[in-house]
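Step one of this worksheet: look at the structure below.
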Ligand SMILES: Nc1nc2c(ncn2[C@@H]2O[C@H](COP(=O)(O)OP(=O)(O)OP(=O)(O)O)[C@@H](O)[C@H]2O)c(=O)[nH]1
Ligand SMILES: [Mg+2]
Ligand SMILES: [Zn+2]
Ligand SMILES: [Zn+2]
Ligand SMILES: [Zn+2]
Ligand SMILES: [Zn+2]
Ligand SMILES: [Zn+2]
Ligand SMILES: [Zn+2]
Ligand SMILES: [Zn+2]
C-alpha cells in the first residue's frame with residue numbers, strides 16, 4: 001500500500017513523489033505508531049537523498065494502530081475527543097503535492113469557474129502562445145467527457161484527463177495521481193482545469209500556487225457576491241470574453257468592486273480568449289509568478 | 001453537491017476513531033464562513049453512515065461564529081459574510097481569522 005495516499009498498489013505508480021516527506025503531522029491528539037521503516041514493493045531510482053530511514057508520514061488512520069485518546073468514561077458510553085479537520089486528509093495530500101511542485105520548481109494553477117466561462121479556450125490559446133517559451137502540461141477535470149482533454153492534446157501539450165463522474169470538484173488525491181502521468185522535471189507550468197462549478201472546488205486545496213477564477217462577462221457582475229468563497233480563495237481573477245462587452249450591459253467597474261469586497265487584494269485582468277485582448281497581462285502575471 | 005463528500009469525510013474520521021464500537025453521537029463544528037450548509041450535512045449524514053457503525057448516531061452540529069480583523073483599523077469583529085465591510089471604518093480589507101473551519105470535535109461510542 002502506498003503510505004502517502006493509502007491506495008492499493010497501482011500498476012503505473014511512480015514513487016518519485018514518495019520521498020519529499022517534509023510535511024508535518026496535522027493531528028492534534030497523540031498517536032502511537034509502530035515504528036515501521038518505509039519500503040516499497042517495487043524498485044525505483046530516487047532523484048534525491050533522504051536523510052532518514054524512517055519516513056515520518058502523515059498517516060491515514062486506515063492502519064490498525066492504536067490511538068491514544070482521552071477517555072471520558074461515563075456509564076456505558078465513552079467520549080472520544082477527535083478535533084480533526086474534515087478536510088484534513090485532502091489538506092495533507094495537498095501539502096504533499098505543494099511540496100513536490102516546489103521541489104520541482106513548477107508553477108501550478110487551479111483554474112476554476114462556472115461552466116462555459118472559457119477555461120479551455122483560454123488554455124488552448126495560452127498554450128499555443130507560450131509554446132517554445134515554457135514547458136506546460138494540463139490536468140483536465142470533467143465529470144463525464146474527454147472533450148476538453150482532446151482540445152488540449154491538439155495543442156501538442158501533455159494532458160491528463162480526470163473524470164470525476166458524479167463528483168463536482170477535483171481533490172488533492174486525484175491530482176496527486178494525475179501528476180504521475182508527467183515527467184515533472186520537464187515542466188515549468190502545470191494548469192489544472194477544475195470541474196465547471198463556482199461552489200465546490202473552492203473548498204478543496206489541490207496544492208496549487210493559486211486558484212485562478214475565470215468569470216465571463218455574460219454571467220453578470222454580481223457573481224463574486226453570490227459565490228464569495230471562490231473569489232475569496234483565488235489569487236487572480238480573469239474577466240473573460242471582454243470582446244462581447246459592446247453587446248452587453250455588463251458593468252466592469254461594478255464587478256471589480258464586488259470582487260474587491262470579497263477579496264481585497266485580488267488581482268483582476270480583463271481578457272478575451274478568442275480575440276487575444278489583454279492576454280499580454282496574463283502572460284506577464286505568469287512570468288512574475290514563475291519568478292517567485 | 002460537495003456536502004456529500006465532506007460528510008463522507010466526517011463518517012470516515014468517526015469510524016477511524018471508534019475502535020470498532022457503535023457510535024452513538026457525533027459532534028462537529030462548522031464555521032459560518034466555511035460555505036457548508038448544516039442542513040445539507042444533516043441530510044447527507046444518514047446516507048453516508050448507513051450500514052456503518054455510525055448508523056443512527058445522533059449528529060450534533062455546532063456553528064462557529066467567524067472572526068476577522070480589519071487590516072486598515074485593526075478592529076477585531078465578528079464577520080457574517082465574506083463581503084461585509086469593517087464595522088468600524090467601512091474598509092473591505094478584512095482578514096478572516098476563524099470561521100472557515102469544519103471539524104469533527106468528538107464522538108460517543110458504546111462501551
Ligand atoms: N466571445 C467569446 N467567446 C468565448 C471566449 N472564451 C470562450 N468563449 C466561448 O465560450 C464557450 C465555452 O468555452 P470553453 O472554453 O469550452 O469554456 P469552459 O470554461 O472550458 O467550459 P467547461 O469546461 O464546460 O466548464 C465556447 O463556445 C467558447 O468559444 C471569449 O473570450 N470570447
Ligand atoms: Mg472546459
Ligand atoms: Zn503513491
Ligand atoms: Zn492514492
Ligand atoms: Zn523511501
Ligand atoms: Zn487520530
Ligand atoms: Zn458540489
Ligand atoms: Zn476598519
Ligand atoms: Zn480566508
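The backbone N, Cα and C atoms fix where each Cβ goes, glycine too.
Here is what TrEMBL says about this protein:
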{"type": "BINDING", "residues": "B:2", "note": "Ni(2+) binding site"}
{"type": "BINDING", "residues": "B:70, B:73, B:86, B:89", "note": "Zn(2+) binding site"}
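Sequence features annotated in TrEMBL and their locations in the structure.
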| residue | record | Cβ within 10 Å |
| --- | --- | --- |
| B:2 | Ni(2+) binding site | 21 |
| B:70 | Zn(2+) binding site | 20 |
| B:73 | Zn(2+) binding site | 13 |
| B:86 | Zn(2+) binding site | 20 |
| B:89 | Zn(2+) binding site | 12 |
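Across the structure, residue B:73 (Zn(2+) binding site) and residue B:2 (Ni(2+) binding site) are spaced 36 Å apart at their Cα atoms. Using a cut-off of under 8 A between C-beta atoms, the binding-site residues B:2, B:70, B:73, B:86, B:89 that neighbour chain A are B:2. Proximity of the binding-site residues B:2, B:70, B:86 to ligand 7, judged by a Cβ distance under 6 angstroms to any of its atoms, singles out B:2 in sequence order. Between the CA atoms of residue B:89 (Zn(2+) binding site) and residue B:2 (Ni(2+) binding site) there is a gap of 36 Å, rounded to the nearest whole number. The residues near the Zn(2+) site, meaning same-chain residues not in B:70, B:73, B:86, B:89 whose C-beta sits within 8 angstroms of the mean position of the site's C-beta atoms, are B:71, B:72, B:74, B:75, B:87, B:88, B:90, B:91, B:93, B:94, in sequence order.
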